[in-house]
Amino acid sequence: MSDSQEIPYHNQLKNRFRGYFPVIIDVETAGFDAKKDALLELAAITLKMDENGYLHPDQKCHFHIEPFEGANINPESLKFNGIDIHNPLRGAVSELNAITGLFQMVRRGQKDADCQRSIIVAHNAAFDQSFVMAAAERTGVKRNPFHPFGMFDTASLAGLMFGQTVLVKACQAAKIPFDGKQAHSALYDTERTAKLFCYMVNHLKDLGGFPHIASELEQEKTTEKETAL
């Protein structure tokens, strides 16, 4: 008997989000225009689901990134995120290396979870997704694992669950420690967002909101039909 047969249907990650593999993303940039402004830092964390159906952070990657040729650099953005693009200790890599590394990690996780496609999870996700997709287009990296426009926005989800849309406030509501001094580091924000997303998904499960009773009954009918064949 395989692992997937031993673990209940709804406790498998591939069945939790309709075949999507969720990946937490955070970026730090030199502006708001994904086509023109530099992508300066990128972090990502994949997720795994235990045999009881609870979500947990898994693998991570983190890159400081060199501005692409001709990129706009907004001084106000650098002041906000505290990034010194001229600091040699950043260890910055090219966009090509960063996007290649990201996609490789995500594709491995997606395959291991037997998911069909990956989906970006981020706080105010449209911003992060736009920069990842723009960098992928600029670099020409093939086999982009992410859905081109679908996303899970933790700001919206936290607004629904806690009435809070700011990351630090949402984390506080979920009793997740948040150090404001480390905020606007892509890796730290990704770690907090991953914990927040996992908390919301797991809390919904604990409250009895998943699996939804209708979907559970439908799955039972499907299983009965498959057994009868």
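From the backbone N, Cα and C atoms, a Cβ is placed for every residue, glycine too.
Taken from Swiss-Prot, the feature active site, proton donor/acceptor applies to H184. Per Swiss-Prot, Mg(2+) 1 binding site is recorded for D26. The Mg(2+) 2 binding site feature in Swiss-Prot is assigned to D26, E28, H184, D189. For 23-197, the entry in Swiss-Prot reads domain 'Exonuclease'. Per Swiss-Prot, the feature site 'Important for substrate binding and specificity' maps to F32, F80, F127, F149; the stated evidence is sequence analysis.
The structure, with features from Swiss-Prot marked on it.
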{"residue": "D26", "record": "Mg(2+) 1 binding site", "DSSP (3 states)": "strand"}
{"residue": "F32", "record": "site 'Important for substrate binding and specificity'", "DSSP (3 states)": "coil"}
{"residue": "F80", "record": "site 'Important for substrate binding and specificity'", "DSSP (3 states)": "helix"}
{"residue": "F127", "record": "site 'Important for substrate binding and specificity'", "DSSP (3 states)": "helix"}
{"residue": "F149", "record": "site 'Important for substrate binding and specificity'", "DSSP (3 states)": "strand"}
{"residue": "H184", "record": "active site, proton donor/acceptor", "DSSP (3 states)": "coil"}
{"residue": "D189", "record": "Mg(2+) 2 binding site", "DSSP (3 states)": "helix"}
- [ ] Using F127 (site 'Important for substrate binding and specificity') as the reference point, find which of the recorded positions F32, F149, H184, D189 has the shortest Cα-to-Cα distance to it.
- [x] F32
- [ ] Tell me, in order along the sequence, which recorded positions from D26, H184, D189 have their CA within 10 Å of F80 (site 'Important for substrate binding and specificity').
- [x] H184
Open item on the list: I'd like the Cβ neighbour count for F32 (site 'Important for substrate binding and specificity'), meaning other Cβ atoms within 10 Å of its Cβ, all protein chains included.
Closed with: 13
Task: Inter-residue Cα distance where the pair is F32 (site 'Important for substrate binding and specificity') and D189 (Mg(2+) 2 binding site), in Å - done: 18
- [ ] Specify all same-chain residues, apart from the site residues D26, E28, H184, D189, whose Cβ lies within 8 angstroms of the center of the Cβ atoms of the Mg(2+) 2 site, ordered by sequence.
- [x] V27, E41, A43, N81, A183, S185, A186, L187, Y188, T190
- [ ] Calculate the distance in Å between the alpha carbons (Cα) of H184 (active site, proton donor/acceptor) and D26 (Mg(2+) 1 binding site), and round it to a whole number.
- [x] 9
Task: Residues satisfying Cβ distance under 8 Å from E28 (Mg(2+) 2 binding site), sequence separation of at least 6 - done: L40, E41, L42, N81, I83, H184, S185, A186
Open item on the list: Out of F80, F127, F149, which of these recorded sites shows the lowest number of other CB atoms within 10 Å of its CB?
Closed with: F149
TODO: May I ask for the distance between F149 (site 'Important for substrate binding and specificity') and F32 (site 'Important for substrate binding and specificity'), taken between their Cα atoms and rounded to an integer number of Å?
DONE: 18
Open item on the list: What does the structure give for the C-alpha distance between F32 (site 'Important for substrate binding and specificity') and D26 (Mg(2+) 1 binding site)? Integer Å is fine.
Closed with: 14
Task: Local Cβ density at H184 (active site, proton donor/acceptor) - other Cβ atoms counted within 10 Å - done: 15
